[in-house]
Amino acid sequence: MTEQQPVAVLGGGSFGTAVANLLAENGHPVRQWMRDPAQAESMRVNRENPRYLKGIRLHDGVQPVNDLLATLQGSELIFVALPSSALRSVLAPHAELLRGKGLVSLTKGIEAHTFKLMSQILEEIAPEARIGVLSGPNLAREIAEHALTATVVASEDEALCRQVQEVLHGRTFRVYASTDRFGVELGGALKNVYAIIAGMAVALGMGENTKSMLITRALAEMTRFAVSQGANPMTFLGLAGVGDLIVTCSSPKSRNYQVGHALGQGLTLEEAVSRLGEVAEGVNTLKVLKAKAQEVQVYMPLVAGLHAILFEGRTLNQVIEHLMRAEPKTDVDFISTSGFN
């Protein structure tokens, strides 16, 4: 890739726009593709993404476009920020154009009917592409406002990791590398569920002890499940694990937190999602994660509890009673209990 060749960003949402701006600020021409031609035209003319990043100026180096074919043909490095429900249908018809290209997923979600992560779908669509993921405690608006931020690029392709670091690393954005693509990506997808729980807890006025307990036990659940699927537990002590979990469960800027907060205020799930106005991946992830945890017999009481509230007609008080009266457990799964007398 030369400096003159555009980097592609697929998706017109908040995170795709924030990454497009970062790339342009670092001197790289960017083509940001979006499905809606009216949105692309509006962003071209007004230099702003008012629906998803209102008040943030779109860098002059970002070219909003609606021609997917030309975008894919003209770029060797492509950042994919499409909703999990749309990624396969958008890219599968153009699989031949992706051969040998660098594809970096920015989407923190799981495909409902396959339980595949986004990078696994990319690998299936384009087996000869170079695949990576970018994940971490990365609120789009804060990135766009140049708050000091760090993230993780994960791939077994060291050259791809270096390439992503080179194009994104800057004065306010630091990029670390990892070889645990599966763990990094799974952490980003799973934490969305717990952000919904955290938002509910805040809306209901629960104390600091409760919020701390929720985040810590969420990390335990995430790690337990991820290790059962082959991830490295140490990944969850890094930016893509506990780092992402903390920011998503603590910030009103988090989309999934906002959904949970609305639920805690008494809105229905449909009303909460409608108020948000964009995709909250945690709602979709919850359904497939609950089923998968049952299938592989991994203990995930917070996931089961939230699912019971949203989809099984259980009340919050019933779920809290069940969780607090459950059989006592050891704190950390990876510490041996053989030392007990």
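Glycine is treated like the rest: Cβ placed from N, Cα and C.
Some features that Swiss-Prot has for this protein:
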- K191: active site, proton acceptor (ACT_SITE)
- S14, F15, R35, K108, A140, R255, V279, E281: NADPH binding site (BINDING)
- K108, G136, K191, D244, S254, R255, N256: sn-glycerol 3-phosphate binding site (BINDING)
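Mapped onto this structure are the features recorded in Swiss-Prot.
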residue: F15; record: NADPH binding site; Cβ neighbours (10 Å): 24
residue: R35; record: NADPH binding site; Cβ neighbours (10 Å): 14
residue: K108; record: NADPH binding site; Cβ neighbours (10 Å): 28
residue: G136; record: sn-glycerol 3-phosphate binding site; Cβ neighbours (10 Å): 23
residue: A140; record: NADPH binding site; Cβ neighbours (10 Å): 23
residue: K191; record: active site, proton acceptor; Cβ neighbours (10 Å): 32
residue: D244; record: sn-glycerol 3-phosphate binding site; Cβ neighbours (10 Å): 29
residue: S254; record: sn-glycerol 3-phosphate binding site; Cβ neighbours (10 Å): 25
residue: N256; record: sn-glycerol 3-phosphate binding site; Cβ neighbours (10 Å): 27
residue: E281; record: NADPH binding site; Cβ neighbours (10 Å): 21
Spatial neighbours of the residue listed as 'active site, proton acceptor' among the binding-site residues S14, F15, R35, A140, S254, R255 [C-alpha, 10 Å]: none
All-chain count of other Cβ atoms within 10 Å of S14 (NADPH binding site): 23
Residue from G136, D244, S254, N256 whose C-alpha is spatially nearest that of E281 (NADPH binding site), among the binding-site residues: N256
K108, G136, K191, D244, S254, R255, N256 excluded, remaining Cβ within 8 Å of their centroid (sn-glycerol 3-phosphate): P137, N138, G188, N192, A195, L245, V247, T248, G282
Using Cα positions only, nearest of the binding-site residues to S14 (NADPH binding site) (G136, D244, S254, N256): S254
Secondary-structure category, per DSSP, in which R35 (NADPH binding site) falls: coil
Of F15, R35, R255, i.e. the binding-site residues, those within 10 Å of G136 (sn-glycerol 3-phosphate binding site) when Cα atoms are compared: none
Rounded Cα-Cα span from D244 (sn-glycerol 3-phosphate binding site) to A140 (NADPH binding site), Å: 13
C-beta crowding around R255 (NADPH binding site), within 10 angstroms: 26
